[in-house]
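Read the structure below first, then the notes.
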């Protein structure tokens, strides 16, 4: 009999292949496994996007196949209060937030963990995220590690977790590559084996982002200008654009000074004038940053960084690691200097720090340190 047989794990069942295989693997490892399906968004009448019922049906089918009980919980009000309102406020302020990070912080590893703990008497929770964790002995703090599949690693979205949360969490697919996860699901006859991965922001689903956002925030059209002040076109609202963006400006055929035909990129948002500044060419100095200032810091160890640290950083998901130096300003703010200038550093997004495979934590980008040519 496995040592795990006395341990109860509540798996977040999303109706996707990763959580399905997570539940199967934990059962194979001898744990007492139960599922919990979260409803985080009250669907509108638009049946085209209404996937919650389908996801629940898939989660139930998988649990039935594995012989485990599926609990259901509605976290829609917590989601609205703690994730969605922040998301809207950030967009209103001209920043580009990442709601998936906040959803993990406030819902999946807080509200979910508390419910699993207090109501379901769980020893652990488990999620289908592609991350790993250490299992230290001698009372050391567990660390969060990148997932083995570099293409799927999701540690960027989980940097707000504390070592206590990591200690209570299991990530069964973190040691696997995605094709292997699908192969296991197929072998076990799980209905989710070929289900495509969900994309887009959790509560928006596959629908068009601009249409969704315009329901909650009135659009304010304005000019798109060059750095010299030439009007290049019109934007429908600053909130629909992010720094470094190329698509969707509708000024593609327009030549710049001297007949320059290079593509246009968003370089800045001028909130006071409601103007989008666009520049030509990905190597334009206005797109580059020497570093950033970050706040709202979360370190996995929960100890503030007080010394200069050499490490790497990601300023967006699926980005190559950038070698950098962290310089503490105080316990709440840090300055980060890149070894080489970086493009499209975006206020509101998260900067997440690593030493090797270990995720140290991260913070919200408050502002970028603009590139100054020598």
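Glycine too: its Cβ is placed from the backbone N, Cα and C atoms.
The following features are taken from Swiss-Prot:
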ACT_SITE  103  active site, nucleophile
BINDING   12, 13, 14, 15, 16, 17, 18, 19, 38, 128  ATP binding site
DISULFID  103-202  disulfide bond
SITE      129  site 'Interaction with tRNA'
SITE      349  site 'Interaction with tRNA'
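Listed in sequence order, the recorded positions near residue 129 (site 'Interaction with tRNA') (C-alpha within 10 Å of its C-alpha) are 18, out of 14, 16, 18, 38, 103. Looking only at other Cβ atoms within 10 Å, the busiest spot among the binding-site residues 12, 16 turns out to be 12. Residue 129 (site 'Interaction with tRNA') counts 25 other C-beta atoms within 10 Å of its own C-beta, drawing on all protein chains shown. In the three-state DSSP assignment, the secondary structure recorded for residue 14 (ATP binding site) is coil. It is 14 Å from the Cα atom of residue 14 (ATP binding site) to that of residue 103 (active site, nucleophile).
Classification of the residue listed as 'active site, nucleophile' by DSSP places it within a helix. Secondary structure at residue 38 (ATP binding site), taken from DSSP and collapsed to helix, strand or coil, is strand. Reported as a whole number, the C-alpha separation between residue 38 (ATP binding site) and residue 349 (site 'Interaction with tRNA') equals 25 Å. Taking only the Cα positions, the spacing between residue 16 (ATP binding site) and residue 103 (active site, nucleophile) is 17 angstrom.
Under 8 Å, Cβ to Cβ, and six or more positions away along its own chain, residue 18 (ATP binding site) finds 128, 129, 130, 173, 181.
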